[in-house]
Ligand SMILES: [Zn+2]
């Protein structure tokens, strides 16, 4: 350490970000909820209040993501909430500016993305989806709640129908989806701490591609760029990025987050903290 010329200059955070991406041989990007929030896709505040006033009145929730993990008393209510959530955070989610700017900055070099988000942001911003691993599932997909087989299902029309035809926070019972193999109720294909998730063939192929990329780029100036990743599930992005950085003396761990987290001593000299506003930093870097 260290071969990164950008770090010898005194640039702004957006200059540093742009310089490091340009200088890197390969970029591995880890995306968490903070990146979607930077583009306005937040789970709190008006976006939640305007779309779920009835649920908020009933349960006093403050956070839509937390609410989505609630053990709903009935399947009618579960799908009333989830279908509205899925229309908002997936089917009708528009393209985000920061997502587009990031794509344009990395797309001309070897890169791969892993995300713990399950929203539609990468599709909406027109990423090459062969290079994106959705580690925690995608909101729009369904799985058997008994995990009886390894397939996931997508039915946009049903989601829209459940969102539109609900009344008093309940969907009509006849719309409830059931597993085509065992008859158990279906649920959202989203990894949870207790159950994990159904990992279908597409997921396994995406994970293999991601791991192959990491292996292929285990030497040289590899930039592990973590954006808006908190500490709720560090085992998916943060800890693997630390390990990979530690195994390659020319690698750099770059973390964009307004909160700073403790970094292991062993990679401190290979770590760059970018603590300014994520959206502004990316958009300004993109202009340079
Ligand atoms: Zn089943």
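Glycine residues also receive a Cβ, built from the backbone N, Cα and C atoms like all the rest.
Quick look at what TrEMBL lists:
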BINDING   144, 148, 179, 182  Zn(2+) binding site
DOMAIN    6-288  domain 'Deacetylase sirtuin-type'
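It is 144 that, of the binding-site residues 144, 148, 182, has its Cβ surrounded by the most other Cβ atoms within 10 Å. Shown in sequence order, 145, 146, 147, 149, 180, 181, 183, 184 are the same-chain residues outside 144, 148, 179, 182 whose Cβ sits within 8 Å of the Cβ centre of the Zn(2+) site. Around residue 179 (Zn(2+) binding site), a 10 Å sphere centred on its CB holds 20 further CB atoms from the protein chains shown.
Confidence across the domain 'Deacetylase sirtuin-type' (6-288), taken as the mean pLDDT and rounded to a whole number, stands at 96.
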